[in-house]
Structure formats: structure tokens, C-alpha cells
Amino acid sequence: MLSENIDQITICLFLCFCYLFRKYMFHSSIHLSTLSTQAATHTCLCRRKSSLVAANAKGQREEDALLENASQSNESDDISTDQSPEPPAPLKETSFSIGLQVVLPFLLAGFGTVAAGMVLDIVQHWTVFTEVTEVFILVPALLGLKGNLEMTLASRLSTAANVGQMDSAKDMWKMIVGNLALIQVQATVVGFLASIAAVIFGWIPEGNFRLGHAILLCASSVATAFIASLILGIIMIGVIIAARKVGINPDNVATPIAASLGDLITLSLLAGISTGLYKELEFNDYANPLVCAVFVALTPLWVLIARRIPSTREVLYSGWEPVIIAMAISSVGGLILDKTVSNPNFAGMAVFTPVINGVGGNLVAVQASRISTYLHMNGIPMGEPDPNPRKCPTPCTSFFGSNVNSRSARVLFLLVAPGHLVFLYTINSMQGGHTTLTSTFIAFYMAAALLQVLILLYLADWMVHWMWSRGMNPDNFSIPYLTALGDLLGTGFLALCFHVLWLIGDRDTDVGD
């Protein structure tokens with residue numbers, strides 16, 4: 001009976017999404033020329049405002065670097081009889097238009113996390129995962145790279161596109177090359193540090209250290225992070241350029257699409273690379289150290305390229321703190337996953353972990369990117385004292401205010417329940433996991449997912465504004481923290497659900513074996 005109800009709910013949701021997609025495409029085709037005109041107007045106004053901001057904001061070195069070439073090549077366009085620093089009027093976005101632009105990328109990203117969950121459910125029984133259980137600690141840290149690197153890249157480029165810093169081909173290619181080189185440096189360093197964290201977290205509780213396994217973790221982590229970041233970085237750049245050309249706000253679509261393939265690609269690479277390197281341990285001792293040495297040796301090349309581009313030079317020097325701290329937070333979530341999944345009674349948790357973490361991270365990344373763009377276009381200069389300082393927001397002001405950010409928070413929160421129902425039904429239809437979808441399980445799972453997203457959206461409202469007031473660019477700092485907290489909250493709440501379900505007697509771990 002429950003399965004039939006879920007089928008009916010899912011069919012209704014699918015029909016609704018089809019209707020919304022059809023109406024959205026019709027709406028976009030009618031208003032494409034209007035949006036293009038508005039985008040051009042905002043580009044001109046933002047350039048005029050940015051030239052004034054660059055002269056007054058001492059704490060905005062990164063933004064000055066972003067505008068360095070644009071202000072020189074377009075100096076004649078910036079001359080105007082009206083020199084007043086009036087901010088550009090924001091594009092009109094209703095709850096309906098926000099939902100239309102977000103829902104399809106959100107579903108695409110969700111199905112990507114479902115696929116990643118199915119992969120994790122399968123590979124958790126592979127030899128490398130059972131013999132070197134510390135690989136589980138790498139999973140949230142490496143999957144979190146899409147939040148630390150790709151989503152941060154998407155947020156930076158979305159903001160640059162919205163304020164007109166990627167209009168000329170020369171500026172666009174500089175941004176692309178510099179940012180790709182930057183994320184390769186960050187991916188190599190974060191992958192190396194994630195492997196060290198996995199070794200430490202795995203060694204301290206057990207007191208058993210094996211050098212061969214430690215080098216295996218390092219090689220697998222660095223190779224996976226490097227290759228996955230390169231692939232996803234290229235995809236993200238293409239998405240942002242295409243979204244801008246068709247008149248869609250990149251903030252609404254870039255970060256979810258970054259996650260649609262991010263989890264699946266990263267997890268598949270980790271499983272394949274770690275399995276291949278584990279087999280090499282039986283035949284030679286130099287394969288794993290050689291892999292580490294090759295990727296580390298390429299790092300100076302990426303550093304030289306990133307330093308030559310003004311838009312990434314500042315991030316190269318100052319953008320390490322959020323990435324490294326976020327990696328450490330995600331590694332704690334990985335420790336929880338390792339200790340939970342290693343218990344045969346909770347093996348069913350593996351298939352749901354990428355889903356709950358991915359959905360929460362995707363939604364909060366969209367919100368953080370939108371708030372950051374809003375502040376860049378309409379806020380006072382970053383780091384400047386606010387004549388009307390903003391008080392610490394309450395949940396009521398974050399979700400029930402009249403501004404566009406509160407409106408988008410409500411839309412994103414309302415996507416959680418129907419989205420997870422679709423994803424749960426998909427997992428159940430594919431006979432994935434080791435857990436029957438009883439009404440009790442669905443109730444606990446939905447409570448955990450809703451609480452996770454509620455906390456994340458509230459933290460995004462506070463964190464982005466707080467960082468802006470302190471002179472820290474939210475595009476570079478907020479998303480790594482928020483997505484890492486999403487991994488920790490999602491994994492922790494899900495583990496708590498499985499423990500509570502086990503205590504109240506909802507136990508079945510043989511489903512899907």
C-alpha cells in the first residue's frame with residue numbers, strides 16, 4: 001500500500017515538473033530579448049559602480065583585480081555625465097520564476113547524488129573498502145570538493161558574469177584559464193591533506209598504522225581530486241557561459257549542475273583508482289609513491305599560471321583557509337560514515353548518504369551564491385562600515401522576510417520534501433540499499449533532511465552577510481564552510497536516524513544484497 005502511494009505521489013510530481021518545464025521554456029522564449037537588454041544595462045551600470053568601489057574599498061583587493069583589465073579596456077564606456085554611484089536595480093524575480101529556474105537543475109543534481117549513492121552501496125563491499133576502511137573517511141572530503149572548489153568556482157564566475165566582467169572574449173578566457181589552474185592547485189593540496197586526515201582518524205582509534213595503506217590513501221586521494229576537479233571545472237565553465245547566453249541567472253543553475261555529475265564522477269574515480277592501486281600493492285611498491293610524485297610535481301606549473309591572472313592571484317594567496325577547514329569538517333563526517341557503515345547493522349546508510357548530503361549542499365550553495373551576487377550588485381562596498389548595521393538574523397527574518405533572498409530561501413526549502421520523495425522512490429525502484437522504505441523510515445529520514453536544510457539556509461543568510469561586512473568575499477569563503485557543514489549535519493543526522501530505527505525495532509539490513 002505504501003509503495004502504491006509513493007508511486008502515485010511520484011507520478012503527480014513528475015507531471016507537475018513537466019508542466020513547469022514547458023511553461024518555463026515558453027516564458028524564457030518570450031522574455032529572452034527583455035532579459036538580454038536588462039543584462040546589458042546592468043553590465044554598464046555595474047562597471048561604473050565598480051570603478052568607484054575600486055577607488056574607495058581598501059579591503060576589496062580581489063574585486064580590484066577582477067576589474068583591472070575590464071576598467072582599462074572599457075574606459076571610454078565608463079565616462080558618463082551622470083557620475084552618481086546609484087546601484088543597479090535588481091532583476092525582478094518572483095518565487096515562481098526562481099522555482100522554475102532552480103527545480104530542473106535541482107532534480108538533475110539529485111539524480112546525480114542518487115547514482116552516487118547506488119555506486120557507494122555497491123563499492124562498499126569491494127576489497128579495498130573492506131580491507132582499508134579509511135577510504136570511507138575520504139568519501140565526504142572528496143565529494144565535498146565540489147563545494148570547496150567547483151561550487152566556489154561557479155559562484156565566482158556567476159558573480160563575474162552578472163556584473164559584466166566576462167563580456168569580452170579576452171577577459172573571459174583570462175578568467176577561465178586562471179580559475180582552472182587555481183582549482184588544480186587547490187585540488188592537489190586538499191586531496192593530500194584529506195589523505196593525511198584519513199590516516200590520522202583511522203590510526204588514532206585503532207592504534208594500527210600501515211605505511212602501504214597510508215601511501216595508497218594519499219595516491220588515491222590526490223589522483224581522484226585532481227582528475228575530478230579538472231573535469232567538473234570544465235563543465236562548470238560551459239554551464240555558466242551557456243546560461244548567460246540564454247538569459248538564465250547562472251546563480252540558479254550553475255551550482256546544482258556542478259553537483260549533478262560531481263558526486264558520481266568523484267566516487268567512481270575514487271573506487272576505480274583505489275582498487276587499481278590496491279592491486280598494485282601485491283606486485284610492486286613504487287606505483288603508489290610514483291602517482292603521488294607525478295601529481296605533486298605538476299603543482300608549481302598550476303601555481304605559475306594562476307599567479308599570472310589578476311582575478312585568481314589573490315585567491316591563490318588568501319583562499320586556503322576555508323578550503324582546508326571545510327576539508328577537516330567533511331573528514332569528521334567521513335569518520336562518522338566509516339564507523340557507521342562498517343557495522344553490518346547499518347550498511348543501508350551508504351546509499352542515502354550522498355543523497356542527503358548532496359541535496360543539502362546544492363540548495364545552500366544556490367542560496368549563498370544568490371546572496372553574494374545580490375550584495376555585489378546592490379550592497380555597500382565590501383568591508384566598508386554600514387551606516388545601518390544589520391542585526392543578527394532570526395529564522396523568521398531569514399525565511400519570512402519580504403526581500404528576494406527570503407523569497408528564494410522559502411522556495412529552496414519547499415523543494416526538499418518533494419525532491420527527497422522522488423529520490424527515495426528512485427532508489428527503491430532500482431532496488432538499491434539495504435533498507436525497506438517503511439513509513440517510519442521515511443518519517444525519520446524526511447525529518448533529518450528538513451532539519452539539515454533549515455539550519456543550512458539560516459546559516460547562509462547570517463554567514464554571507466557577516467563575511468561581507470568583514471571584507472571577505474563570500475564567493476570564496478562561504479560555500480566551502482556551508483557545504484562541509486551540510487556533509488557533517490547530513491551524515492550525523494542520518495546516522496542518528498539509523499541508530500534510533502535500530503533501537504525501536506525497524507531492522508532489515510538484507511534488502512538489496
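Each Cβ is built from the backbone N, Cα and C atoms, and glycine gets one as well.
Annotated features, as they stand in TrEMBL:
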DOMAIN    139-273  domain 'SLC41A/MgtE integral membrane'
DOMAIN    353-496  domain 'SLC41A/MgtE integral membrane'
REGION    64-89  region 'Disordered'
TRANSMEM  6-22  transmembrane segment
TRANSMEM  98-120  transmembrane segment
TRANSMEM  180-205  transmembrane segment
TRANSMEM  211-241  transmembrane segment
TRANSMEM  253-274  transmembrane segment
TRANSMEM  286-305  transmembrane segment
TRANSMEM  317-337  transmembrane segment
TRANSMEM  349-368  transmembrane segment
TRANSMEM  411-430  transmembrane segment
TRANSMEM  442-460  transmembrane segment
TRANSMEM  481-504  transmembrane segment
Stretch among 211-241, 349-368, 411-430, 481-504 sharing the most Cβ pairs under 8 Å with the transmembrane segment (317-337)
481-504
The transmembrane segment (180-205) versus listed stretches 98-120, 286-305, 349-368, 442-460, 481-504: most Cβ pairs under 8 Å:
286-305
For the transmembrane segment (349-368), find every same-chain residue at least 6 residues outside the stretch whose CB is under 8 Å from a CB in it, and list them.
102, 106, 109-110, 112-114, 116-118, 120-121, 124, 139-140, 143-144, 146-147, 151, 154-155, 251-252, 255-256, 258-259, 263, 267, 333, 337, 340-341, 405, 408-409, 412-413, 415-416, 419-420, 423, 427, 432-435, 445, 448-449, 452-453, 456-457, 459-461, 463-464, 474, 478-479, 482-483, 486-487, 489-491, 493-495, 498, 512
Tell me the residue counts in helix, strand and coil for the domain 'SLC41A/MgtE integral membrane' (139-273), as DSSP assigns them.
120 helix, 0 strand, 15 coil
DSSP helix/strand/coil residue counts for the domain 'SLC41A/MgtE integral membrane' (353-496)
111 helix, 0 strand, 33 coil
